[in-house]
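The substrate binding site annotation in Swiss-Prot covers Thr50, Asn115, Ser192. Look at Swiss-Prot and you will find Tyr108 tagged as site 'Important for catalytic activity', backed by similarity to another entry.
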Amino acid sequence: MSAPPCVAEVKVESYVFPATAKPPGTAKTLILGGAGARGLNIDGKFVKFTAIGVYLEADAVPSLAVKWNGKSAEELTDSVQFFRDIVTGPFEKLTRITMILPLSGKQYSEKVSENCVAFWKAAGMYGDAESKAIEKFNDVFSDQMFPPGASIFFTQSPHGSLTISFSKEGSMPEIASAVIENKPLSEAVLESIIGSKGVSPEAKQSLAVRLSELFKNGVNGGDAITGKVGCENDAIPQTVVSK
C-alpha cells in the first residue's frame, strides 16, 4: 500500500525526493516537508534550474502545530510568519538542491550569498561575523561544478551550524564537505528559498499543503518516519510540479 500524499516521496521533473533522509551533520532521520522547482521566466518561458526539497526533524510537526493547526494550506502558503517559524524553529532541517540545468559552484554561491546579504541588511543584522561566514560559504563552492542530477545538501542545526555536502548523482553523501558555525547564515540559506522573497514558490506551496494535512490529522513526525500514519485527504497534491 502506498504512503498517503502528505508523507509520500515527491517527484520534481525526473528527480525523486524520498519521504525520509538522514544527512551528514545529524544523527536523526528527517521527514520530507515539501519539494518543488526553482526557475525564472526568460523570454516568456519558465525555465527550471533546480529542484528543491526541504526536510524537517520529526519534532517539527508538533512544534509547528501548536500555532498553525487549523489553518488551511492556502492560509499557510500566504503566511510569511509560518515560513519564518520553519526557518527559525528549534528543530533540524535539511535542504537538498538538485540541478536540473548545469551550474558552477561559483554561480550558485554568489546568488545565494547575494540573497542572504540582502536579507540581513534589510533586517539590520549584517556584521563582521556574517561577512566572514559568507566568505567561507563562497570558498566551499569555489571549485565545484554541478552537472544535471548533482545535489547540494544543507543540514541546518538549531544550534547554529550549517553542514554542507555534495553528491554528483543525487544520492545522500556520507561525509560532509564543510561545516560553518554561523546561525544567521544557516537560517538565511533556508530563508532565501522559502522566505517572503524565496526563490521557490513551488516548494513553499508543497510545504504548506503537506504540513497542513499533517496538522489536521494529528500526525506526529515519528509516525511519519515509521509509516504509522493515515491522512484524511489522500487526494491532496504531493507537490506542484510541471509535467
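Glycine too: its Cβ is placed from the backbone N, Cα and C atoms.
The number of other CB atoms found within 10 A of the CB of Ser192 (substrate binding site), across every protein chain shown, is 22. In this structure, the CA atom of Thr50 (substrate binding site) is 11 Å away from the CA atom of Tyr108 (site 'Important for catalytic activity').
A gap of 12 Å separates the Cα atoms of Ser192 (substrate binding site) and Tyr108 (site 'Important for catalytic activity').
When the Cα positions of Thr50, Asn115, Ser192 are compared pair by pair, the longest gap among these substrate-binding residues is 16 Å. Sequence-distant neighbours of Asn115 (substrate binding site) (same chain, six or more apart, CB under 8 Å from its CB) are Ala188, Ser192, Lys197, Val199, listed in sequence order. A C-beta separation below 8 Å, combined with a sequence spacing of at least six in one chain, links Tyr108 (site 'Important for catalytic activity') to Phe141, Gln144, Phe146, Ile152. Neighbours of the substrate site: apart from Thr50, Asn115, Ser192, residues of the same chain with C-beta atoms within 8 angstroms of the site's C-beta centroid are Arg38, Lys111, Val112, Val189, Ile193, Gly198, Val199, Ser200.
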